[in-house]
Structure formats: C-alpha cells, structure tokens
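Per TrEMBL, the features are as follows:
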type	residues	note
BINDING	Phe89, Gly90, Ser91, Asp102, Ile103, Asp104, Asp157, Lys218, Tyr227, Gly236, Val237	ATP binding site
BINDING	Asp102, Asp104	Mg(2+) 1 binding site
BINDING	Asp102, Asp104, Asp157	Mg(2+) 2 binding site
DOMAIN	210-355	domain 'Poly(A) polymerase central'
DOMAIN	359-417	domain 'Poly(A) polymerase RNA-binding'
COMPBIAS	512-524	compositional bias 'Low complexity'
COMPBIAS	542-553	compositional bias 'Low complexity'
Amino acid sequence: MSMASLPKQMFGEPISLIGPTPADLESTAELEKLLHEAGLYESPEESAVREQVLRDLEAIVDRWAKQLTFQHGYPDAMVEAATALVVPFGSYRLGVHGRGSDIDALVVGPSLADRDHDFFVVLAAALAEDESVTHLQPVPGAHVPVMKLRFRGVHVDLVYASANHAVVPRDLDLSDRSVLRGMDRVAARSLNGVRVAGEILRLVPNPAAFRTALRCVKHWARARGVYSNVSGFLGGVAWAVLVARVCQLYPNAAPSMLVHRFFKVLAQWRWPAPVMLSADIEHDAELGLPVWDGRRNPRDRAHLMPVITPAYPAMNCAYNVSHATQRIITEQIRDGDAACREIAGGRGGWELLFRPFPFFGAHKSYLQVDAAVGGGEDELREWKGWVESRMRQLVAKVERDTCGQLLCHQNPHAYDAEPAHSGLQFTSSFFVGLSKAPAAAPTPGQLPQFDLRATTEEFLQDVYTYGFWRPGLEVAVKHVRRKDLPPYVMQKIRSSPSTHEVIKRKRGDGGSSSSSSSSPSSGDSGRRPSRRAKLGSCIQQSSNSLLGNSFSSRAEGIV
C-alpha cells in the first residue's frame with residue numbers, strides 16, 4: 001500500500017510500509033487456526049440465525065412506527081410509508097463477533113417517537129408480546145439508555161435515537177454529521193456506536209487484517225482479565241481503536257505482525273498521551289456537543305488512558321480507567337509483549353499469549369462482594385449488574401483510604417453460586433485481590449493497620465442508592481484468604497494448571513488466618529429499610545465484626 005492510498009484523515013504518518021514475509025503469513029495461518037479452535041468464529045448456521053433476528057426485529061419496529069404515525073393522526077399515505085431502522089454496531093458491525101456474542105443495535109425512529117414513552121413503553125410492550133422474545137429488561141436510566149432482551153436465544157441490546165424526519169428514509173446516512181442536528185445528548189450518545197464503528201472501518205487500511213488482529217487482542221484481553229469497561233478496564237470500543245491505530249502505523253502488515261506490534265507499541269506508550277485515529281476532533285459551534293479535548297478541558301486532561309473515538313463528537317471511551325486498572329492493564333500489556341517476543345524467538349506457539357491470568361493464585365487475600373436475591377435468575381441478573389457497576393468505586397475507596405499502601409486487583413468476572421434447593425437465595429460474587437504496595441513501609445513508631453469497615457460502609461451506602469431497590473436485594477462484603485475461597489471458585493482454581501504453579505510458588509507466604517463463615521442477616525420487614533438498617537445487615541458494628549477482625553490486623557497478616 002502506498003502513502004497515497006492511506007485514509008486521508010489518518011492521524012500522523014505510518015511507522016513502516018513493509019509488507020508481510022512468508023514467515024508472517026505462516027504465523028498468521030497458525031494464529032487463525034488457534035482462534036477458530038477457540039470458538040471465536042460462529043458457524044454459517046449461527047450467522048443465518050442472527051441475520052434473521054435482525055430482519056424480524058426490523059419488522060417489529062416497522063409496525064411500531066406505523067402504529068405511532070397512525071395514532072398521531074397522520075394521513076394514510078404517511079402511515080404506509082412510516083418505517084424505523086435497526087442498525088447493528090459493536091462487534092457485529094465490525095465483523096469480530098463470535099459464538100454467543102450479543103448484538104448491539106440502534107433503533108432509529110421518526111421524529112414523532114420519543115424515547116421515554118414510545119420506545120421504553122410502547123415498543124417494549126410490542127416486543128413482550130412476541131413469543132420469540134424473552135428476558136426483556138428496559139434500562140432507561142443508564143448512561144446510554146438500553147433495552148436488553150433475548151430474541152430466539154440471541155442476546156440483543158437496543159438503544160434508541162429519533163431522526164429529524166417524520167418518515168425515516170431507508171437510505172439515511174448516519175455517518176453524516178447533520179443527522180445529529182436537533183438531537184439531545186442522550187440520543188447523540190446512542191447514535192455514537194454506529195458512527196464510531198463506521199469510522200473505524202473507514203480509517204483502517206486493511207479491514208480484514210484489522211478484524212483478525214482485533215479478534216486476537218480481545219481473546220487475549222478476556223484471558224488476562226482486562227476486558228471490561230464497567231470494571232474500569234477497557235471495553236470493546238477501546239480495544240478496537242487501539243488495534244486500529246496499530247493498523248494505521250503498519251498498514252501493510254499481516255495480522256500476526258500487527259499483534260506483535262500492538263504489544264510493542266502499547267508497552268512503550270507514554271500515557272496520558274491520547275490514542276487517536278483521526279485529527280478531526282474539532283468542536284462544532286452549531287451542534288454544540290461536548291468533544292474530548294485535553295488541550296482545552298481540565299477534566300479531559302485528568303484522564304489516565306485517553307482512547308479517543310474517531311466520530312464526532314469525539315469521546316474518551318476509556319474514561320473509566322483508574323490508577324488501579326491502569327496499573328493492571330499496563331502490566332498485562334508488558335506481559336503480552338514478552339510473550340510475543342518468546343513466540344517470535346521460536347520458544348513457543350501462540351498459546352503462550354493466551355494463557356489465562358491466574359487471578360486466584362496471584363494474591364493471598366481477597367475482598368469478596370456477594371450480590372444476593374431471593375427472586376431467581378432474572379432478578380439476580382438485574383441486581384448483580386448494578387453491584388458490578390459500583391465495584392470500581394470500592395477499588396478506588398480502598399486505595400484512597402490506605403494511602404496507596406494496599407493495592408487492589410479487581411476480577412471483572414462474576415461467579416454465580418446456584419442454591420442447593422429451591423427457596424434459597426441466588427448469589428453472585430465479585431472478587432478483588434489485595435496486595436501491599438512494594439514501597440509500603442510501616443510508619444516509624446507504629447505498625448500500619450488496614451481497618452476497612454468505614455470504607456466498606458461507604459461502598460454499601462453507594463450500592464443501596466439503587467433506584468429500584470426492594471426487599472430481597474442484598475449485598476455483603478467480606479475478607480477471605482485464598483484457602484477460604486468458596487467452592488465454586490475453588491473448582492475453577494483446580495482446573496487451571498497455571499494457577500497451581502502460582503499457588504505452589506507462594507506456599508511459603510505465611511500469615512494464615514481464617515475468615516469467619518457467618519453470613520449477614522437479611523432483615524425482611526416487607527418495606528424498604530433505612531440506610532443504617534440495611535448496612536447493619538451486612539456489617540456488624542461490634543468488635544466481633546467480620547471486617548473488623550480481618551482488617552484491624554497488622555498489615556503483614558493481611559497481605
């Protein structure tokens with residue numbers, strides 16, 4: 001590829017225009033074989049099901065648009081012409097979805113259809129009546145309001161924006177900035193996914209190579225526990241932008257070389273220098289939407305790992321990254337770079353890169369956060385989603401209250417424990433690994449103490465601000481040693497050879513103390529308890545408190 005054929009708005013100049021060698025092509029074939037064996041590509045039959053799901057969804061929203069147009073008293077000709085669009089984005093639009101992946105899709109409705117009532121009430125009711133739809137869950141209060149559902153078993157997340165048209169044109173160009181005219185900020189955020197996916201594909205020199213490299217990086221990020229926007233790591237959009245940037249820097253490279261260069265470039269990246277695909281992030285006085293700009297905005301300058309979306313309005317899709325998660329992401333990227341050097345040196349195959357991170361063998365102590373419900377799996381999915389969204393606040397509070405002496409490593413995965421028989425609570429657990437900072441030292445004249453009762457109480461207060469809280473939704477926090485992890489986690493540890501190795505190396509760590517096995521009481525008064533009453537059910541305020549016993553100990557005995 002010549003310089004003249006590169007995308008015109010690409011940010012900066014490429015590092016190298018050298019094409020692949022025969023060895024690169026052979027390595028790419030090995031990589032693609034591994035990705036196929038890992039189940040990262042769906043079968044033709046699964047692809048056909050997804051395509052049919054999108055067609056059927058579009059038929060439902062078309063009927064919805066016609067119904068609304070009729071109810072608003074428009075003439076029959078306009079009712080007949082009324083339509084709405086269902087436009088996929090995310091991994092499906094980028095072409096990197098695999099078996100069981102969700103479909104993210106934007107519903108574009110006519111100007112007469114509002115989000116709060118027509119989308120979340122009227123369309124939700126129409127979907128609920130369809131026998132193919134299950135697990136319908138509207139989430140109107142999210143940063144990007146979403147309607148979650150399963151359609152013939154396929155997970156679908158629908159977001160909504162109304163176009164500035166009484167009748168939505170079938171060929172509406174959503175990449176044109178003028179489509180944002182008249183939209184509020186929530187609608188603009190909803191539309192952003194489609195616009196960003198389109199711009200990424202437009203700005204990468206070789207979409208096929210980009211897709212293979214991105215599949216690889218996402219597979220690695222999940223294995224190493226750094227794939228989760230809600231947990232403060234990086235989500236799908238951020239990883240896509242990072243891979244796309246490396247594709248721009250090496251426009252003629254084969255996917256195997258792009259993966260090597262991905263880790264090499266990012267291992268040396270000088271954060272908080274932003275990663276950008278395009279220089280086009282200017283403000284638009286007419287539209288007036290907020291645009292990320294570290295030169296002008298103090299808040300933007302405070303972001304730790306800015307990864308900037310390429311479509312107007314430019315946003316930092318890694319804004320949730322904290323000091324704790326940045327530390328873990330950069331450590332894992334350096335480990336990925338080291339693995340790639342071993343692979344390039346012939347000391348192993350691609351499986352070296354995808355070794356799961358042995359989270360439950362890497363720490364001696366953990367915080368265990370249990371989200372429990374009494375109403376079944378659907379209620380658990382809703383409640384644990386809220387608790388998960390607050391976990392990064394717990395990490396920040398712990399590191400803040402220990403002045404950085406206690407480091408937190410959050411596991412972005414939830415571990416569900418099914419009840420032994422009906423009538424018991426459904427519980428989902430989140431874990432945060434704890435370790436002392438290397439430079440941490442006792443204050444002269446006294447031993448440091450980590451008493452996290454107040455920290456945990458503040459976290460629980462935050463969790464219980466949930467707007468849809470009701471009796472039966474409980475959360476509890478406790479400190480557990482590695483040897484006291486619950487059985488459903490221990491089974492995962494035993495099945496991971498890499499974890500065995502880490503545990504074996506750390507057997508001499510000393511300082512074993514057992515955690516209390518008592519569970520918090522769950523007051524069931526039939527009405528919403530006071531904040532203090534709810535907290536009292538999760539943290540005993542006596543000297544025998546579970547957290548008091550764990551965290552009032554000397555630092556050496558905890559971590």
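Placed from the backbone N, Cα and C atoms, the Cβ positions cover glycine too.
Just so you know, TrEMBL annotations never went through curation; they're auto-generated.
Note that this is a predicted model, so its numbers are computed, not measured.
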Tyr227 (ATP binding site) CB neighbourhood, other CB atoms within 10 A: 21
Cβ neighbours of Phe89 (ATP binding site) where a neighbour is any other Cβ within 10 Å: 23
Between Asp104 (Mg(2+) 1 binding site) and Asp157 (ATP binding site), the C-alpha gap once rounded to whole angstrom: 5
Within its own chain, what residues at least 6 apart in sequence put their Cβ under 8 Å from the Cβ of Asp157 (ATP binding site), listed in sequence order? Asp102, Ile103, Asp104, Ala105, Val146, Met147, Lys148
Go ahead and report the DSSP secondary structure tallies for the domain 'Poly(A) polymerase central' (210-355): helix first, then strand, then coil. 70 helix, 7 strand, 69 coil
When DSSP states are grouped into helix, strand and coil, how many residues of the domain 'Poly(A) polymerase RNA-binding' (359-417) land in each? 28 helix, 17 strand, 14 coil
Least surrounded, by Cβ count within 10 Å, of the binding-site residues Asp102, Asp104 is Asp102
Can you name every residue in this chain, apart from Asp102, Asp104, Asp157, with its Cβ inside 8 Å of the center of the Cβ atoms of the recorded Mg(2+) 2 site? Gly90, Tyr92, Ile103, Ala105, Val146, Lys148, His155, Val156, Leu158
Averaged over the domain 'Poly(A) polymerase RNA-binding' (359-417), what pLDDT does the prediction give? 91
Within 10 angstroms of the C-beta of Val237 (ATP binding site), the count of other C-beta atoms across all shown chains comes to 23
